[in-house]
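**Q** From Swiss-Prot, for reference:
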- H21, H78, H188, H192: Fe cation binding site (BINDING)
- 1-21: transmembrane segment (TRANSMEM)
- 36-56: transmembrane segment (TRANSMEM)
- 57-77: transmembrane segment (TRANSMEM)
- 91-111: transmembrane segment (TRANSMEM)
- 127-147: transmembrane segment (TRANSMEM)
- 160-180: transmembrane segment (TRANSMEM)
- 210-230: transmembrane segment (TRANSMEM)
- 244-264: transmembrane segment (TRANSMEM)
Amino acid sequence: MGLMLIDWCALALVVFIGLPHGALDAAISFSMISSAKRIARLAGILLIYLLLATAFFLIWYQLPAFSLLIFLLISIIHFGMADFNASPSKLKWPHIIAHGGVVTVWLPLIQKNEVTKLFSILTNGPTPILWDILLIFFLCWSIGVCLHTYETLRSKHYNIAFELIGLIFLAWYAPPLVTFATYFCFIHSRRHFSFVWKQLQHMSSKKMMIGSAIILSCTSWLIGGGIYFFLNSKMIASEAALQTVFIGLAALTVPHMILIDFIFRPHSSRIKIKN
């Protein structure tokens, strides 16, 4: 699968703008540690984080189609949770499914020819069962979109409805990687930065947040660069780049989602209630 210039630009956006949003995870972890041995505990958390990411990365190459399915599923929840928390509505799960499924369910199906090639590169072969499962996801997503759109229009939350509709049309007309990069970088990552900065500015120093984010971003880029050059010795540049970016992103999403959606958001909510 050859990539156009616009596709390379989209991948660059994902790597240099989207990926760093997860680099704040060290500052997030540090902010939740209250004991005196904060550095030692932070090191332990980061080690577990790295082990989870590495384990998923290795599992991907043993069970690629299954791993891709898991990546799509957790991305629906992770993206949807971030969008819901940014602009809550009455129907929580239709909101999560509708927004989280745009780039993970709707995009693959509406751009099936292009995404089939992408999935084949990521899994080293065809994935017919995955497409059958995506059709089931699409049914759930369609119901979620209908319920969510009705509720947002009924309650006059027009900006939420228009964002969803705009993304649906973008996925229809734009190249798949452009749609993904647009959502991942300028909606999901921007909201994540805003949420984390707001939560941490009273708990952590700005220097520590920025410094740790820079260190982890640079480390991720160096590791990713090494993986890319290794893969490029075995396959063409475009395929090596796609595997590096998306399999690497999937591996990092697992510990990132656990930390953000299952630990940090509930932790932040408890602090907000106490205050």
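We count from 1, first residue shown onward.
Glycine is treated like the rest: Cβ placed from N, Cα and C.
Where in this structure would I find these features, and how exposed are they?
**A** In this structure, H192 (Fe cation binding site) is part of a helix by DSSP. The number of other Cβ atoms within 10 Å of the Cβ belonging to H192 (Fe cation binding site), over all protein chains shown, comes to 20.
Residues of the same chain lying 6 or more positions beyond the ends of the transmembrane segment (36-56) and with a Cβ under 8 Å from any Cβ of it are 25-26, 29-30, 67, 250-252, 254-255, 258-259.
For the transmembrane segment (57-77), the residues of the chain that approach it from at least six positions outside its boundaries are 96-97, 100-101, 103-105, 108, 119, 122-125, 127, 129-130, 133-134, 137, 247-248, 250-251, 253-254, 257, 261, judged by C-beta separation under 8 angstroms.
Tertiary neighbourhood of the transmembrane segment (127-147): same-chain residues 65, 68-69, 72, 76, 91, 93-98, 101, 104-106, 108-109, 112, 116, 119-120, 164, 168, selected by CB-CB distance under 8 Å and a gap of 6+ residues from either end.
For the transmembrane segment (160-180), the residues of the chain that approach it from at least six positions outside its boundaries are 3-4, 6-7, 10-11, 14, 87, 89, 95, 98-99, 102-103, 106-108, 110-111, 114-115, 118, 145, 148-149, 152-153, 187, judged by C-beta separation under 8 angstroms.
Listed as Cβ neighbours of the transmembrane segment (244-264) (distance under 8 Å, sequence separation of 6 or more from its ends, same chain) are residues 11, 14-15, 19, 22, 25, 28-29, 32, 48-50, 52-54, 56-57, 60, 67-68, 71, 74-75, 77-78, 81, 118, 122, 192, 199, 220, 223-224, 227-228, 231.
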**Q** Can you give me the same-chain residues 6 or more apart in sequence from H78 (Fe cation binding site) with a CB-CB distance under 8 Å?
**A** G100, T253, H256, M257, I260, D261
**Q** Grab the same-chain neighbours of the transmembrane segment (91-111) for me: Cβ-Cβ under 8 Å, and only residues 6 or more beyond its ends, written as numbers and ranges.
**A** 72-73, 75-81, 83-84, 119, 134-135, 137-138, 140-141, 143-145, 147-149, 151, 160, 163-164, 167-168, 171-172, 175-176, 179-180, 183-184
**Q** Would you mind listing, in sequence order, the residues at least six apart from H188 (Fe cation binding site) in the same chain with a Cβ closer than 8 Å to its Cβ?
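**A** Listed in sequence order, they are G18, H21, F79, A82, D83.
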**Q** Have a look around H21 (Fe cation binding site) and count the other CB atoms within 10 A of its CB, chains all included.
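**A** Looking across every protein chain shown, the total is 23.
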